[in-house]
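**Student:** Before I ask anything, let me first share the structure, which is written out below as C-alpha cells.
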Amino acid sequence: MKGTIVLYPAMGRGHIVPMVELGKFLSTHHHATLSVKILLPSPPNSTTLRYITAVSAATPSITFLHLSPSQHLLRVLQTLISQSSKPKAFILDFFNHSAADVTQTLNIPTYYYFPNAASCVALMLYTPTIHHNTKNGNSSYNDTLRRIPGLPPLSPEDMPAPLLDRRSFESFANMSIQMRKSDGIIVNTFEKLENKAFLALKNGTCVSETSRSHSSTPETRKPRIFCVGPLVSNGGGEHDNDDSGCMSWLDLQPSRTVVFLSFGSYGRFSKSQIREIALGLERSGQRFLWVVRDPYERSELSLEELLPKGFLERTKERGMVVKNWAPQVKVLSHDSVGGFVTHCGWNSVLEAVSWGVPMVAWPLYAEQRLNRVVMVEEMKVALPLKEVDEDGFVRASELEERVRELMDSERGRGKEVRKRVLGATNDAVAALSDGGSSRIELNDLVGLWMQ
C-alpha cells in the first residue's frame, strides 16, 4: 500500500509553484511507494490555475484538493485518514506554520518547506539567537548581523522589513523555535549553489549559539535539513499562443543578445522609475525584452502613457515591451536571452541558474535584499544595482552601465558572472541526477517516511 504525503503551500504563485514542483518530483521518482496530495488555498489566480491544470494533466498521480476559506484543516485531514490511512508526512509552507498544531494533534510527522534560499533559512533559524543577544545586551543588532553563520556580513538594509520591527522580529523568532521542533526542514536549493549556508544548516551552527546559552530543549535542538533543489517549473501552463508576440520576437534575435527585465507578480515601480528604466535601456544600446506592470500610482495605463514620448518607435528595431506578463521560463530558456534584470525572487534566481542566464540584481521587497547579497557576494552570478535613496530609486545611467556590463561576455565582470552561472547550471543538473546531492537528500527523506 502506498504511503500518503500531504503538501500544503501558502497562497501566491511564488509559494505554490515550488511546492507543486516538489510534489511532481516525488510522484515521478517514487510513484510506486508514494501517493501525493496537495492542499491548495483557494482561489489561485488565473496564471497559477493554468499551471495547476497543466500539472494535473501531465501528472495525474497527484491529487489536488482545493480548500475553501470555511474548511478547517483538522476536518480535512481527518477525512483523508478515514478514507485511507494516516499520512506518512505533512509538508507545509513556513507561512502556514499554524497548521503544525493540527498535524501534531494527529501525530503526523511534520516538515517545513522553504521555497527560499538556504541563506534565508539560516537567518530564520538564527533569529532567536539575535533576539537573545540583543535583548540581553550581549551585542548590538548591527554587530550580530555581521556574524550570522553561513552568511556574508549583513547590514540592516539587507534585512527583510519585518525583521527591523521589534514585535515582528519576536514573531519570527518564535516561528523559528517552532520550526526547530519539527521533523525536518526542506529547502529548495542545492549544496554547491550556497555551500556556506548549506554547511551552516547541516552542521547546526545556526542554532548552536542558542543551545550554548540555554539548556538543551526541543526549542534549541538542531532540525534535520534536506536541500532538494533546484525544483523549478518547466514552463508548463504558460501561454502557448504567444498573445504578446514576445516569443516570436525572440526567435528573430541573435543568440545571447537580449536582456530580459521582469520583476515578479508584485513588482511595481513608480511612473518616474519606469521612465528612468526606459532611458537606461535606450542609452545602453542593447536588445531587450521588458515586462512593464502598471505603476502603483495608477492602473490601466497604456504603454504610450507610461513610457517616454517616442521610446517605442526609437527602440522598435532592438527592443520589445510587453504589458504585465510574459512566460518567464520560456523566455529564460530561449537561446536569444543572455541576461536577466531580476527582483531577486528565489524562484526567478533558480530559473535563471537552471538556464545559465547571468543576472543584474534589483531587489524590491521581502527577503530579496538578502538574496542580492548572496547572489553577488557568495554565488557571484549577478551584478548589483546602486540605489540613490532608501526607496530604492535607480537612475538611468546606473541601469545603462550595468546592462552593458552584464551583456559584455568578453571581458570584465560580465564575463565572470556568465562563467559562474554556467558552472552553477552544470551543478544544478548534477544535483538532481542519480547520485547527485539533492537526489540523495530526497531519497533519504522518502526512506524516513517509509520506515
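Cβ atoms are placed via backbone N, Cα and C, with glycine included.
Features from Swiss-Prot:
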- HIS15: active site, proton acceptor (ACT_SITE)
- HIS15, ALA366: anthocyanidin binding site (BINDING)
- ASP93: active site, charge relay (ACT_SITE)
- ALA326, GLN328, HIS343, TRP346, ASN347, SER348, GLU351, GLU367, GLN368: UDP-alpha-D-glucose binding site (BINDING)
**Student:** Out of HIS15, ASP93, ALA366, which of these recorded positions is nearest ASN347 (UDP-alpha-D-glucose binding site) by C-alpha distance?
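**Tutor:** Of the recorded positions HIS15, ASP93, ALA366, HIS15 has its Cα closest to that of ASN347 (UDP-alpha-D-glucose binding site).
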**Student:** Does ASP93 (active site, charge relay) have same-chain partners at least 6 apart in sequence with Cβ under 8 Å from its own Cβ, and which are they?
**Tutor:** TYR8, PRO9, ALA10, HIS15, MET19, TYR112, TYR113, PRO115
**Student:** List the same-chain residues at least 6 positions away in sequence whose Cβ sits under 8 Å from the Cβ of GLN368 (UDP-alpha-D-glucose binding site), in sequence order, or say none.
**Tutor:** HIS343, CYS344, GLY345
**Student:** The record lists ALA326, GLN328, HIS343, TRP346, ASN347, SER348, GLU351, GLU367, GLN368 as binding UDP-alpha-D-glucose. What's the largest Cα to Cα distance among them, in Å, rounded to a whole number?
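**Tutor:** Taking every pair of listed residues, the largest Cα separation comes to 23 Å.
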**Student:** Under 8 Å Cβ to Cβ from GLU351 (UDP-alpha-D-glucose binding site), same chain, six or more residues apart: give me those in sequence order, or none if nothing qualifies.
**Tutor:** VAL232, SER233, GLN328, VAL329, LEU332
**Student:** Only counting partners 6 or more residues apart, tell me which same-chain residues put their Cβ under 8 Å from the Cβ of ALA366 (anthocyanidin binding site).
**Tutor:** PRO160, ALA161, GLY345
**Student:** Just to confirm: which same-chain residues, 6+ apart in sequence, have a Cβ under 8 Å from the Cβ of ALA326 (UDP-alpha-D-glucose binding site)?
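**Tutor:** The list for ALA326 (UDP-alpha-D-glucose binding site) reads SER244, CYS246, SER262, LEU289, VAL291, given in order along the sequence.
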